[in-house]
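Some notes on the structure that comes next.
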Amino acid sequence: MCRLNSICRLSHTLIEARACMNDSEWKANDSSSVALEKFKRDSAYIDKNGKLRNFNHKKVSRKKSGSLRGRGWKYGSGFVDGIFPVLSPTAQEILDFVEKGVESEGIWSSLDMFPATLDLWDDIFTVAVQLRMKKKWDSIISICRWILLRSSYKPDVICYNLLIDAFGQKLLYKEAESTYLQLLETRCIPTEDTYALLIKAYCLSGLLEKAEAVFAETRNYGLPSSAVVYNAYMNGLMKGGNSNKVEEIFQRMKRDACKPTTETYTMLINLYGKAGKAFMALKLFHEMANQKCKPNICTYTALVNAFAREGLCEKAEEVFEQMQEAGLEPDVYTYNALMESYSRAGYPYGAAEIFSLMQHMGCEPDRASYNILVDAYGRAGLQDDAEAVFEDMKRVGITPTMKSHMVLLSAYSKMGNVKKCEEILNQMCKSGLKLDTYVLNSMLNLYGRLGQFGKMEEVLTVMEKGSYVADISTYNILINRYGQAGFIERMEEFFQLLPSKGLKPDVVTWTSRIGAYSKKKLYLRCLVIFEEMIDAGCYPDGGTAKVLLAACSNEDQTQQVTTVIRTMHKDMKTELPV
C-alpha cells in the first residue's frame, strides 16, 4: 500500500487569482490573410469601427491576493472572493494520492498512518476544498467518512456540510438527509450553510416539497432570513430543472426583507440570459445598481453572455466596457462571451479581433476560445479559416474535444461537404473519441438535406444496432427530411414508430409533419394533424403557425388559421371546423 510522505507545516503564499501574463504569440494559418492580426502597439488597438483606441492598463492589471488559513471553504464557490487555498507538501501528497482513484479503504489506511495533529486537520480540509472545486464528490465522501468513522478527530459542522453537499451533488438525497440527522444527534449546531446545502440537495433531486419544509425549519430554529439560504434554494431550482419557480422565490426573498446579494443577481441574470431574455437581465442589472449592490466580474460576464446568446454584439461590448470602467479585469470567460456575441451576430473577424485583444492583454485563450472562433468562421461559411484555427489549437498543445470536432463538422456540414465531414468523423474515431447520438444526428441531417437517403438509412441502422440511443431529435430529422422530400408514407412510418420507442412527439415533430402536407397545399389534412397535436397536449409555436399559413390557398383559410393561432391558450382545447 502506498504510504504518504512525512508531514510538513502548511504554508501560504501569494498567488495570482487569474491567468498569468503570457508573452507567447499566436497566429492562425489564415488563407484569407485577414483572419487574426496581432496588435503591435502596447496599449492601442483598433475597434470594430476602425478607430484607434487605448486600453487602460490600470484597469486590467494583474491582481494578487493571499490565501487565508481557515477561510478556504464557503458554500457556493469553493473559495472566497478569489482566495484559493495553497497546499502544503503534505496536503499536496494527500491530494495526489486521492486523485489516483484509490478506493475508500486505501484512502483510510493511508490517513491512519498520520499522527492526529492540528496541521493534519487543516491539510485535510484544504484538500477537501480542492476536491470540491474539481467536483470530486466521491473522494470528499471518503475523506469525511474517515473523519466520522475512523479518526480520533471530533467532526465539526464543516465536515457534515461537506458531506451533505457531496451527497446532494450525486443526487443521493437520502444520504444527505441522514447526514443532517446525524449532525443533530451529535449536538452539532447547524449553520445557514447546512440548511442551504440540504435545500439544494432536495432541489437537485426534484423534491421541492422537502426543500420547502427545510426552508420552513430554518424559521423554527430562529434563524433570520438569509441570502445564503435563498441563493441555495434558487440555485438548486435552476440546476434541478425548475427554473420557472426561481422568480417566485426571488420575490419572496424581497418580501422577507432579505437583501439580495451579488450572487443572487448574477444567478438571475444568468437565468434570463439562458432563456433569451437579455433585456430582462439588463433590467435586473439596473435594479442591482439602484440597490447599491456591487456587481463582480461574474455578473458582468453573465450579462455579456445574455447579449451574446442573442447576437447583440454592440450591447455586449457596452457591458464589457462598463466592466473595465468599474476597475474589473476581463478574464478568459468574459473575452469568450464577447467573442460569442460577434460569432452569433455573423461577424467572424470581430470575434478574431477579440481573440487577438485577449492575447495582447496577457490573457491566455482556452479551449473554449478556440472552439468559439472555429464556430464563428463556420457560421460565416469560412470553413478553411475554421480549420486553420482548429489546427492551431492542436499546435499550441490544446487537445480538441468532442465539442471542438463538432463545431468544425458543423462548418463543413453547412457547406454540404460530405467528404470532409466523413473525414472529421474518422479523425474523431482515431483520436479515441466515442461518437454519440448528437454526432450521428448531425450526419443524419446532412445526408437528408442533400437527399442521400440511402446513407441516412445506413446511419440509422448503425444507431439501432450499436450502443447509441436514437432520441426524439433523431426521429424529428427523419420525419422532417422525408416529409420535405415528399416521401409521405415513409414519414408516417417513422411517426407511428415513436410510441414503440418510448418517445413522445414534441412541437418539432408535429410541425415537421404538418409542414410535409402544407408543402402539398393539403389544408384539410394539416388541420386534422393540428387537432391531433392539441389533443396530445402539445401546443404550437411560431414554426407551426408558419407552416399552417403556408398551407392556405385563399383569404378565408388564412383568416381562420390566424384567428386560431392568436386565441390559442394552453388550458383550452381549440377546435377547427374540418
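Quick reminder: no glycine exception, Cβ is built from N, Cα and C everywhere.
Here TrEMBL flags 156-190 (among others) as repeat 'PPR'. Away from its own ends, the repeat 'PPR' (156-190) comes close to residues 73, 75, 125, 128, 132, 135, 137-138, 140-141, 144-145, 147-148, 197-198, 200-202, 204-205, 207, 210, 221 of its chain (Cβ-Cβ under 8 Å, at least six residues beyond either end).
Within the same chain, residues 74-75, 157, 160-161, 164-165, 167-169, 171, 173, 176-177, 180, 183, 231-233, 235-237, 239-242, 245, 253, 256-258 sit at least 6 positions outside the repeat 'PPR' (191-225) and bring their C-beta atoms closer than 8 Å to a C-beta of that stretch. According to TrEMBL, the feature repeat 'PPR' maps to 191-225 (among others).
Summarising the annotation, TrEMBL assigns repeat 'PPR' to 226-260 (among others). Taking H, G and I as helix, E and B as strand and the rest as coil, DSSP gives the repeat 'PPR' (226-260) the counts 26 helix, 0 strand, 9 coil.
Look at TrEMBL and you will find 261-295 (among others) tagged as repeat 'PPR'. Residues 76, 227, 230-231, 234-235, 238, 243, 246-247, 250, 253, 302-303, 305-307, 309-310, 312, 315, 326 of the same chain sit 6 or more residues outside the repeat 'PPR' (261-295) yet have a Cβ under 8 Å from a Cβ within it.
The DSSP breakdown of the repeat 'PPR' (296-330) into helical (H, G, I), extended (E, B) and coil residues amounts to 26 helix, 0 strand, 9 coil. The annotation repeat 'PPR' is assigned in TrEMBL to 296-330 (among others).
Residues annotated as repeat 'PPR' in TrEMBL: 331-365 (among others).
The domain 'PROP1-like PPR' annotation in TrEMBL covers 351-465.
Look at TrEMBL and you will find 366-400 (among others) tagged as repeat 'PPR'. When DSSP labels each residue, the repeat 'PPR' (366-400) comes out as 26 helix, 0 strand, 9 coil, counted as helix, strand and coil in that order.
Per TrEMBL, repeat 'PPR' is recorded for 401-435 (among others). The repeat 'PPR' (401-435): residue composition by secondary structure is 26 helix, 0 strand, 9 coil, according to DSSP.
For the repeat 'PPR' (436-470), the DSSP counts in helix, strand and coil order read 26 helix, 0 strand, 9 coil. Marked as repeat 'PPR' by TrEMBL: 436-470 (among others).
A mean pLDDT of 93 is what the model gives for the repeat 'PPR' (471-505). Residues or ranges marked as repeat 'PPR' in TrEMBL: 471-505 (among others).
Annotated repeat 'PPR' per TrEMBL: 506-540 (among others), in sequence order.
Counting residue by residue with DSSP, the repeat 'PPR' (261-295) contains 26 helix, 0 strand, 9 coil.
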